[in-house]
Amino acid sequence: MVENKKYKLLSENSKIRLSESSSIASWEKHYGTDYDFTQLDDCYENSELAKKNNENDNKINKRETWVGKNDFFLSALAYAVGLGAVWRFPYLCYKNGGGVFLIPYLIFLVTIGFPLVFLELCVGQFTSNGPLTCWRMTPFFRGIGLSMNIANTYLCIYYNVILAYAIYFLYHTLKNITGNLPWENCKVEWSSPNCLDEHNTFNISLINCTNDFLKCKNGICYEKFNFLNETLNCSSKELVIAGIWKSAFPSQDFWDKIILEKTASIDETGHLVWQLVVALFLSWVLVFLMVLNGIKVSGKLVYFTALFPYFVLIILGIRGLTLPGAYEGIKYYIYPDLSRLTDYTVWTDAAVQLFFTLSVAYGGLITLSSYNTFHTNIMRDAIFVTVSNCITSIFAGFVVFAFIGYLSFKTGREINDVIQAGQGLAYVVYPFAVTTIKGSVFWAFLFFFMMLVLGLDTMMTSVESLITSILDGFPCLKINDKRRKITVALTCLALFLGGLIFCFQSGTYWIELFDAFSGSWAILLVACLECISISWFYGFDNIKNDISAMLGCQLTRKKYFLFWKIMWTIVSPLVLTIVCVLSWIDFKGLKLNEYVFPHWSNVFGISLSISTLSGVIIWSIFSVAHTVFIQKKPFKSLFVPGIGWKPLKEEHCILVNELHKRDFSENFDKGIIKKFFKQFI
């Protein structure tokens, strides 16, 4: 073994244990040859960073790291590929011009998806901190981490209720494991008058409800005149059914009347549905057990939870493609309507969906990468995770629309009348489709279990992100394992109690409200501020040096690395700003299928979006007041990296300082924002 004198000197002077197996050749391959390591000891001893790292190793400063080689990649993949790939992407693709929707989606994948995923992974891995405490490269923008946690909290509160629905459906499926699924036939005790199943239980049929009949909103077509030849209306008491002009699946009535016990509008709160409360509690127990012992357990669980949904999707896809009518459904899914490209709604929907599926700006990616070793190749992982997410969403669309085409074939209804938005796609359309297939109980169990696993993947990381932020913000909670477990328990309990509002009879309306507003334009602005704070204020050259410390100078000196500079400094902020403005222009109020939400609910939703941004707004005001007016420091100091912007280990701090070759404040003076500050300083 070649003895590395440079490392030996560094180890003796700084008393840092570096790997004895490291060689000069290995170092120079990654970082070059123009570094004077004999001066590193002075650099470290004189730096402000070192003064914060002089403590003994204790539990507060320690950080868990992934044990397995693929733990991080599978965790990031499982977090990104969630329920949105199954019940949101296929509908949006159909709604926005079929295959044409893929054009803006893929454009945003390159201009927003890749850059932001890589950026967040870099920040988390470099600092080994969660979203609340990692944003210290520009103290003025530390509120970005707070806004991420606010958005993530909203997500955790309502997202787990969707898992509760899957648990409740699983209960009904297993309860009837030896018989028929309960939503297979229309039943008098819960079905609506226009319920029509494959067996025509009520012996009524679809008709063309012309002007000779009375067409009512409940989907029933009545005789227009009574025996006295008097004209009737839909509120008349003595109505004679002529047929159905718009049928309801039995699964629709089962969903509305049994699962949700749904009220007519969000204004009618109703009572708590205790079955949903129990299901929600069980879903939180599952999440609690998965995150209780940290990544050493969750890192192993993802080997099943991340891969199992792909196994199920492939099985369902093979079965769906063999069903009659599948081709027509897929044609509706991918058939391109090029005229829709001029509709900016298509572009805003594509951007928001990309954020929803990749979970960008929610803090989860930062949390996962914070448990990486310092030299993990996150650029490779960022690309793989993003591409895998895109492929999964597209493939899930083929699976879902194959079944929708089959359902259209079986019922004789147009695909326009079969497909539904939101939760209905997962909990109405598919459940009824499987009732017409042999072995329906098996297919239903497989689907709902897949939905549960997909949701648990996202919830596991989302809750872990909140826990990480709490522990990073209050390090005393890390002192022993008991404190951490109590923190996890109290957090899950608080989120469970917050989710009870969605267990009322009007809960499904509130889920749609939170889903539409908590992660809309506000998240786009948070992501935009991410790019601006790092590439404009901290400076691309500085973040490039930090990435060089993690991945090696050999990689950052490649010509293609210029792609990240162009994206982070110009393209991504510009695209995010344009999409955000278009979403404001396009806003017409929330609507779900035929139900139009009242005005007050839209006002509440906008307030919800603004509250997501409150972290950035409140922190910026506080930081200016505290730094400029109380501490009497110059305004410029708010944009100079704080003490906390550093790697966790001492040897990595030294490496970063040497790569920067000068103090951070000196490097700041060369930034592109210098001219901006001259008018204030």
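Including glycine, each Cβ sits where the backbone N, Cα and C put it.
As recorded in TrEMBL, the features of this protein are as follows:
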type	residues	note
BINDING	Ala80, Val81, Asn389, Leu454, Asp457	Na(+) binding site
DISULFID	Cys186-Cys195	disulfide bond
TRANSMEM	72-90	transmembrane segment
TRANSMEM	102-123	transmembrane segment
TRANSMEM	144-171	transmembrane segment
TRANSMEM	272-292	transmembrane segment
TRANSMEM	301-321	transmembrane segment
TRANSMEM	350-371	transmembrane segment
TRANSMEM	383-409	transmembrane segment
TRANSMEM	429-456	transmembrane segment
TRANSMEM	488-511	transmembrane segment
TRANSMEM	517-540	transmembrane segment
TRANSMEM	561-585	transmembrane segment
TRANSMEM	605-629	transmembrane segment
Looking at the binding-site residues listed here (Ala80, Val81, Asn389, Leu454, Asp457), whose Cα lies nearest to that of Cys195 (disulfide bond)?
Leu454
Spatial neighbours of the transmembrane segment (102-123) far in sequence, C-beta under 8 Å, 6+ residues away:
76, 93, 134-135, 137, 341, 346-347, 350-351, 353-355, 358, 360-361, 365-366, 368-369, 378-379, 381-383, 385-386, 390, 394, 527, 530-531, 534, 543, 546-547, 550, 564, 567-568, 571-572, 575-576, 579
Other residues with Cβ within 8 Å of the Cβ centroid of Ala80, Val81, Asn389, Leu454, Asp457 at the Na(+) site?
Leu77, Ala78, Tyr79, Gly82, Ala85, Ala306, Pro309, Thr357, Thr392, Thr458
Between the Cα atoms of Asn389 (Na(+) binding site) and Cys186 (disulfide bond), what distance do you get, rounded to the nearest Å?
38
Under 8 Å between C-beta atoms and at least six apart in sequence, can you list the same-chain neighbours of Leu454 (Na(+) binding site), or say none if there are none?
Val81, Gly82, Leu83, Ala85, Val86, Pro309
Of the listed stretches (429-456, 488-511, 561-585, 605-629), which one yields the highest count of Cβ-Cβ distances below 8 Å with the transmembrane segment (517-540)?
561-585
Sparsest Cβ surroundings (other CB atoms within 10 Å) among the recorded positions Ala80, Cys195
Cys195
Let me spell it out: take the transmembrane segment (488-511), skip the flanking residues so only those 6+ beyond its ends count, and list any with a Cβ under 8 Å from a Cβ in it.
153, 156-158, 160-162, 164, 260-263, 265-273, 276-277, 280-281, 284, 287-288, 291-292, 423, 463, 466-467, 470, 592, 595, 597, 601
Looking at 72-90, 272-292, 350-371, which one has the highest count of Cβ pairs under 8 angstroms to the transmembrane segment (429-456)?
72-90
Cα-to-Cα gap, Cys186 (disulfide bond) vs Asp457 (Na(+) binding site), nearest whole Å:
35
Go through Val81, Cys186, the listed recorded positions, and name the one with the sparsest Cβ surroundings, counting other Cβ atoms within 10 Å.
Cys186
Given the transmembrane segment (561-585), its same-chain partners at Cβ distance under 8 Å and 6+ residues beyond its ends are 108, 111-112, 114-116, 118-119, 344, 347-348, 351-352, 520-521, 524-525, 527-528, 531-532, 534-536, 540, 543-544, 555
Under 8 Å, at least three CB pairs between the transmembrane segment (383-409) and the transmembrane segment (605-629) (pairs 6 or more apart)?
no
My understanding is the cutoff is Cβ-Cβ under 8 Å with a sequence separation of 6 or more in the same chain; which residues meet that for Asp457 (Na(+) binding site)?
Ala78, Tyr79, Val81, Gly82, Val302, Thr305, Ala306, Pro309
Same-chain residues at least 6 beyond the ends of the transmembrane segment (72-90) with a Cβ under 8 Å from one of its Cβ atoms are 66, 121, 159, 162, 295, 298-299, 302-303, 305-307, 309, 333, 353, 356-359, 364-365, 368-369, 371-372, 376, 381, 384-386, 388-389, 392-394, 396-397, 400-401, 422-423, 425-426, 451, 454-455, 457-458, 460-462
What's the number of neighbouring CB atoms sitting within 10 A of the CB on Asn389 (Na(+) binding site)?
26
